[in-house]
Structures are given as structure tokens and as C-alpha cells.
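Visitor: After the C-alpha cells below, expect a handful of questions from me.
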Amino acid sequence: MSTYTRPVMLLLCGLLLLTLAIAVLNTLVPLWLAQANLPTWQVGMVSSSYFTGNLVGTLFTGYLIKRIGFNRSYYLASLIFAAGCVGLGVMVGFWSWMSWRFIAGIGCAMIWVVVESALMCSGTSHNRGRLLAAYMMVYYMGTFLGQLLVSKVSGELLHVLPWVTGMILAGILPLLFTRIVNQQTQTRHSSSISAMLKLRQARLGVNGCIISGIVLGSLYGLMPLYLKHQGMANASIGFWMAVLVSAGILGQWPMGRLADKFGRLLVLRVQVFVVILGSIAMLTQAAMAPALFILGAAGFTLYPVAMAWACEKVEHHQLVAMNQALLLSYTVGSLLGPSFAAMLMQNYSDNLLFIMIASVSFIYLLMLLRNAGQTPNPVAHI
């Protein structure tokens with residue numbers, strides 16, 4: 001049986017369109033707020049409302065999937081995201097935009113939970129790493145192309161919202177031609193997010209998603225600031241960020257393949273060790289191109305491998321709840337990491353960005369090394 005079945009390919013096509021829209025809005029919303037002369041703290045509050053929506057959406061999507069299935073949950077998530085987009089053009093102002101971005105955040109989180117859960121339920125322990133790698137490749141490719149779109153088209157609010165909303169609605173179309181079966185509805189058993197977070201055998205996967213959130217959130221949010229403080233122009237900053245993201249895209253499939261072939265524990269250990277090496281290399285500033293490349297290739301691939309590790313430790317009917325727990329863990333890490341790193345950079349030195357990344361990665365590496373063996377026969381084998 002092929003890893004990339006027709007439902008999987010159509011799901012990823014829809015995700016690409018939705019990710020393009022997410023990337024465009026995440027880039028332009030802060031700029032629109034600045035053009036409206038809103039103070040910096042209000043811009044930050046609007047961004048925070050989006051991530052708060054992510055947390056809320058993550059919590060209830062599992063119940064929704066169980067009640068109405070993957071397809072309808074996906075349609076509803078896309079419509080909620082589209083509503084959050086249209087609302088930006090209906091009412092302009094701090095409180096209204098904070099509300100609409102909160103709604104958009106809920107829709108985006110629902111999309112991620114639905115897509116990730118559908119992929120994990122469609123796969124097996126032998127190909128789940130490749131499925132999640134394909135998911136991350138599409139996600140980062142959409143993010144990358146979204147940045148290119150921003151640089152090529154008009155950035156005016158009322159020029160952007162119509163075609164972005166159209167792109168979101170177009171993202172629904174691929175799933176109209178297939179049906180993703182939710183096997184969770186065929187069992188009476190149910191699992192909660194809290195139960196998944198407490199599951200001892202999956203703890204390394206949960207911790208890995210937290211670490212991944214810290215690493216990626218810090219790199220995404222603070223790397224441009226770090227490069228700016230090194231005296232680089234905006235064009236140079238864009239180039240180096242492109243190197244970082246491109247490395248993450250190129251690393252997805254090989255890491256997923258290696259994880260399926262040699263085991264997730266071994267690959268996680270190597271990835272975390274490479275993140276530490278890349279962080280140390282960035283401190284020396286001797287060879288930034290290879291340092292950024294290996295940092296991106298290893299750091300951006302932590303999340304799917306950690307997810308695959310955790311998902312092979314649970315029953316098939318627990319996969320949706322486990323995915324919610326992992327996405328929640330990643331979101332918490334992506335909120336805490338940049339906040340703590342920014343405080344260290346402001347009060348002490350910019351180099352503490354990489355020292356912090358290396359430190360949390362080293363702690364996770366110790367956890368991985370303490371795990372003497374990997375389960376030879378994963379529980380979620382179907």
C-alpha cells in the first residue's frame with residue numbers, strides 16, 4: 001500500500017493553500033496595525049490573541065472530530081479561519097482586530113489538529129515518519145511561498161483580503177473529492193488530552209514537542225533581531241532566514257525516512273546533538289552558512305519525529321487526543337521560548353539566544369540518553 005494515498009495527497013494540497021493564507025496574514029497584520037498608528041503593545045496583544053486562539057482551538061477539536069469526522073471538521077475549521085480573515089476588513093480597530101485574530105487563531109489550530117490527526121490515523125508505525133515529514137514540507141513550503149507573495153503583490157488591506165479569503169475557501173475544495181475515515185468513531189473508548197500528557201511511555205515525545213516549540217519559536221521570532229543587531233541590512237536578513245527555512249524543508253523527508261528505518265529514538269538523539277552543535281557554531285560566527293543550515297535542518301525536523309515517537313506508544317483510537325496534546329505542548333513551548341530568550345537578549349547579550357537553545361536541547365538530550373531502549377513493537381501498529 002502506498003504511503004501517499006489519494007486522500008493524503010488531496011489533504012496536503014488543501015493544506016498548502018491554507019498555509020499560504022496563514023503566512024500572508026501573519027506577515028501583513030502587524031504591518032497593517034503599524035500603519036494604523038497603533039502602539040507596539042497593542043500590536044503585541046493582537047498577536048497574542050491569535051496564539052491564544054491556537055490554544056483554544058487545540059483543546060476542543062478532538063471532540064469535534066469524534067462527533068462529525070475529519071472532513072466536516074476540516075470544512076468548519078476553514079470557514080472559521082475565513083471568517084477571521086473577512087472580519088479584518090469589516091471593522092478596523094484594536095479590540096475588533098484582537099477578536100478577529102482570536103477567531104482566526106482558533107480556525108488555524110483546528111486545521112492543524114485535523115490534518116495532523118488525519119495523517120497519523122492514515123499511516124502506520126512504518127510510514128508515519130514520512131507522512132509527518134511530508135506534512136511539514138508542505139507547511140514550510142507554504143510559509144516560504146507566502147513570504148514571496150507578500151513581496152510581489154500589493155500589501156493594501158482591501159486588496160489582500162479578497163484573494164486571501166478566496167485561497168482559504170479554495171483550500172476546502174480538495175477534500176470535497178475524498179473522504180477521510182475516522183476509525184475513532186468506531187470505538188467506545190475515549191481519551192483526554194490530560195491523560196495523554198501524563199502517559200509515561202510517550203513523555204519523550206511530549207517533551208520533544210515542547211523543546212521543538214522553544215527552538216523554532218525562538219529562531220523564527222528572534223533570529224531576524226539577532227541578525228539586525230549584527231549590522232545586517234534587511235535584504236541580508238531575508239537571505240539568511242531563507243537559508244534557515246530552506247534547510248528545514250530539505251531536512252524533512254530524509255529525517256522522516258531515517259526515523260522510519262532506524263527508529264525515532266536514535267534519530268531524535270542525533271537531531272538534538274546537531275542542534276547543540278549548530279548553536280555553538282553560531283556563537284563562533286566563523287561559518288554562519290553551514291551553522292544556520294544544520295541548525296535549520298535539525299531544529300525544524302524535531303517536531304514531526306517527536307510526534308511520531310509519541311504516537312507509536314498509544315492505541316489507534318488515542319491518536320487524535322495524543323495529537324492534541326503534542327500540538328498543545330508545541331504551542332506552549334513556542335510561547336515561552338521567545339519570551340524568555342528575548343528577556344535574556346535585552347538584559348544581557350544577543351548570544352544568549354543560542355546558549356538558551358543549546359541548553360534546553362542538552363537537557364532533552366540527557367532525557368533521550370536515559371531511555372535505554374525503544375519499544376520494539378509499537379502499540380499503534382495499525
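From the backbone N, Cα and C atoms, a Cβ is placed for every residue, glycine too.
Pulled the feature table from Swiss-Prot, pasting it below:
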| type | residues | note |
| --- | --- | --- |
| TRANSMEM | 8-28 | transmembrane segment |
| TRANSMEM | 45-65 | transmembrane segment |
| TRANSMEM | 75-95 | transmembrane segment |
| TRANSMEM | 102-122 | transmembrane segment |
| TRANSMEM | 131-151 | transmembrane segment |
| TRANSMEM | 157-177 | transmembrane segment |
| TRANSMEM | 204-224 | transmembrane segment |
| TRANSMEM | 231-251 | transmembrane segment |
| TRANSMEM | 270-290 | transmembrane segment |
| TRANSMEM | 291-311 | transmembrane segment |
| TRANSMEM | 325-345 | transmembrane segment |
| TRANSMEM | 349-369 | transmembrane segment |
Visitor: Below 8 angstroms Cβ to Cβ, which residues of this chain, lying six or more residues outside the transmembrane segment (45-65), approach it?
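Guide: Same-chain contacts beyond the ends: 26, 29-30, 33, 38, 73, 76-77, 94, 97-99, 101-110, 112-114, 117, 182, 184, 193, 320-321, 323-324, 327-328, 331-332, 334-335.
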Visitor: With Cβ distances under 8 Å as the criterion, find the stretch in 131-151, 157-177, 270-290, 325-345 that has the most pairs with the transmembrane segment (75-95).
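Guide: Going through each listed stretch, the top one turns out to be 157-177.
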Visitor: Could you check whether the transmembrane segment (325-345) packs against the transmembrane segment (157-177) - three or more CB pairs closer than 8 Å, residues at least 6 apart in sequence?
Guide: no
Visitor: What parts of the chain pack near the transmembrane segment (157-177), using Cβ distances under 8 Å and only residues at least 6 beyond its ends?
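Guide: Same-chain contacts beyond the flanks: 10-11, 13-18, 20-21, 24-25, 28, 32, 71, 74-75, 78-79, 81-82, 85-86, 88-89, 92.
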Visitor: State the non-local partners of the transmembrane segment (102-122) in its own chain: residues 6+ outside its ends, Cβ under 8 Å from one of its Cβ atoms.
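Guide: Same-chain residues near the transmembrane segment (102-122) but 6 or more away: 5, 7-8, 11, 15, 18, 22, 25, 49-58, 61-62, 64-65, 70, 73-74, 76-85, 87, 128, 131-132, 135, 180-184, 307, 311, 316, 319-320, 322-324, 327, 331.
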Visitor: Decide whether the stretches the transmembrane segment (291-311) and the transmembrane segment (8-28) have at least 3 CB pairs under 8 angstroms, with pairs required to be 6 or more apart in sequence.
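Guide: Output no: the transmembrane segment (291-311) is apart from the transmembrane segment (8-28).
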Visitor: Using a cut-off of under 8 Å between C-beta atoms, tell me which stretch among 204-224, 231-251, 270-290 contacts the transmembrane segment (131-151) the most.
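Guide: Looking at each of 204-224, 231-251, 270-290 in turn, the most contacts to the transmembrane segment (131-151) are made by 231-251.
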Visitor: Do any residues of this chain, six or more beyond the ends of the transmembrane segment (204-224), have a C-beta under 8 angstroms from a C-beta of it, and if so which?
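Guide: Residues 196-197, 237, 240-241, 244, 265, 268, 272, 275, 295-296, 299-300, 302-303, 305-311, 313, 325-327, 329-338, 341-342, 345, 353, 356-357, 360-361, 364, 367-368, 371.
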